[in-house]
Structures are given as structure tokens and as C-alpha cells.
Amino acid sequence: MTQKVVVIYSGGMDSFTVLNKALQQGHDVYALSFDYGQRHVKELKVAAQVCKQLNVPHKIVDISAINQIIGGSSLTDDIDVPEGHYEEDSMKSTIVPNRNMILLSLAVGYAVSLKASQVYYGAHSGDHAIYPDCRPEFVQKMDDVCRIANYDAVEIFSPYLNNTKIDILTDGIAMGLDYSQTWTCYNGREKACGKCGACQERLEAFEVNNLTDPLEYE
């Protein structure tokens, strides 16, 4: 049975895979992206191009005003993006306080207005140690809340919650996906840096899968 679902779609490889998984499952997909003032805003351009190509309804919502009260992240503030492997100590500076709770809340509101039954988002196990709002206990409790917060229950669904980025890429390749249509780098430059934690984790996923990353790097 076809269901309406909202997919939180950043333009990165995880949410790109989630978007395509929802489509291949036959759902009526509505993609939702957020401009929260991230320096890697190029991901939104990539997301728009993909949705146009797939003929998926897509909204980009500007919520950058939240930075008037939320700060301290290297993704939004004038703080250097850490280089090196994707590890807790170095990557903590990339945390945007309460980001996923904000994004999920807005996505659930959109889902209710569309009469959609689920919100898909791309949390995965590689993020558990670093980002509290990607951990299973957070996803479960958000799901519990979103089932009772409105007259119409909405399920929070994270298909790769217990999988690594390596697993996500493996699944995406099996689906025939083209990862040149994604953006991962946290630095807001024309080409991916290849040095930040996000790039390092992406490159590792391709290496383990015996594949060459189609993106150009500096």
C-alpha cells in the first residue's frame, strides 16, 4: 500500500540513500531540506537537483534565524571544521545544539499537514558516539512523542539506525545509486576537502566497498 512519507533530505549520501529507499519501496515521497545557516550550503543545491531529476516534491525551509539563539558549532559559526578521522573528541565541535529535534519537529508538522504517516531520517550507527540526537534512545523517544503530539500519529523511521556508513553505501550501490549526486564535506568550498571528519568517513566507506568516490577532492 502506497503511503505518504516525508524524508528529511540534506543532500548528503545517507539521506540520499534513505530518499531512494523510500521511493523504491513505492511510497509517495515529499523531501524536506533545511537551511540552518550551515557553511556547507552546497548540499542544498545538490538536494534540489536530485529532487528535480527524480520528480520528487521538495521544499527547502530557511530556519537560519535559530542561530540568533543557538551557537557554538563549527558548521554554523566562525570556528574551524576539525580535520582527521571521524572521532568523538574532534567532531564534538560540529554539533549544532538540538538540531535534529528541531528538524524532526518541523518535519512532523509538515507530515501532519500532508496526512503523511512517517518521517524518514538518516541517522546511522557511526553517529551514535558523537551526536546524541542520532542515538537509538533519542530516535525511540522522539518517535514516542510524535505518535502522541498530534491527533494524527506520525512515526519517526530511521532505516539505517543500526548500520554504518559503509553499510549504507553497500545498500545504495545494490540499489544502483549514483553518489556523484551527493555532498558530504563540512567545509563550504567548491570541492570536497578530503580532510574533515565527514570526508574521511565517506572515503573510508568507498575504500571498504572497493570503490572510487566519484566526487572531486582538493
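Placement of Cβ uses the backbone N, Cα and C atoms for every residue, glycine included.
According to Swiss-Prot, the protein carries these features:
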BINDING   Tyr9, Ser10, Gly11, Gly12, Met13, Asp14, Ser15, Phe16, Thr17, Val18, Leu19  ATP binding site
BINDING   Cys185, Cys193, Cys196, Cys199  Zn(2+) binding site
Seminar exercise, completed: Across the binding-site residues (Cys185, Cys193, Cys196), the Cβ with the fewest other Cβ atoms inside 10 Å is that of Cys193
Exercise. Where does Leu19 (ATP binding site) sit by DSSP, helix, strand or coil?
Worked result: helix
Exercise. For Gly11 (ATP binding site), which residues in the same chain are close in space, meaning a Cβ under 8 Å from its Cβ, but six or more apart along the sequence?
Worked result: Ser33, Lys42, Glu43, Leu44, Lys45, Val46, Ala47, Val50, Thr182, Trp183
For this session: Would you list, in sequence order, the residues of this chain other than Tyr9, Ser10, Gly11, Gly12, Met13, Asp14, Ser15, Phe16, Thr17, Val18, Leu19 that have their CB within 8 A of the centroid of the site's CB atoms, where the site is the one recorded for ATP?
Result: Ala47, Gly122, Thr182
Seminar exercise, completed: Here the Cα-Cα span from Cys185 (Zn(2+) binding site) to Tyr9 (ATP binding site), rounded to a whole number of angstrom, reaches 15
Problem set entry | Among Leu19, Cys199, the one of these binding-site residues whose Cβ has the fewest neighbouring Cβ atoms within 10 Å | Cys199
Exercise. In Å, rounded, how far does the Cα of Cys196 (Zn(2+) binding site) sit from the Cα of Thr17 (ATP binding site)?
Worked result: 21
For this session: Name the one residue among Met13, Thr17, Leu19 whose Cα is closest in three-dimensional space to that of Cys199 (Zn(2+) binding site); these are the binding-site residues.
Result: Met13
Seminar exercise, completed: Between the C-alpha atoms of Met13 (ATP binding site) and Cys193 (Zn(2+) binding site), the distance in angstrom, to the nearest integer, is 16
Exercise. Counting every protein chain present, what is the number of Cβ atoms, excluding its own, within 10 Å of the Cβ of Thr17 (ATP binding site)?
Worked result: 26
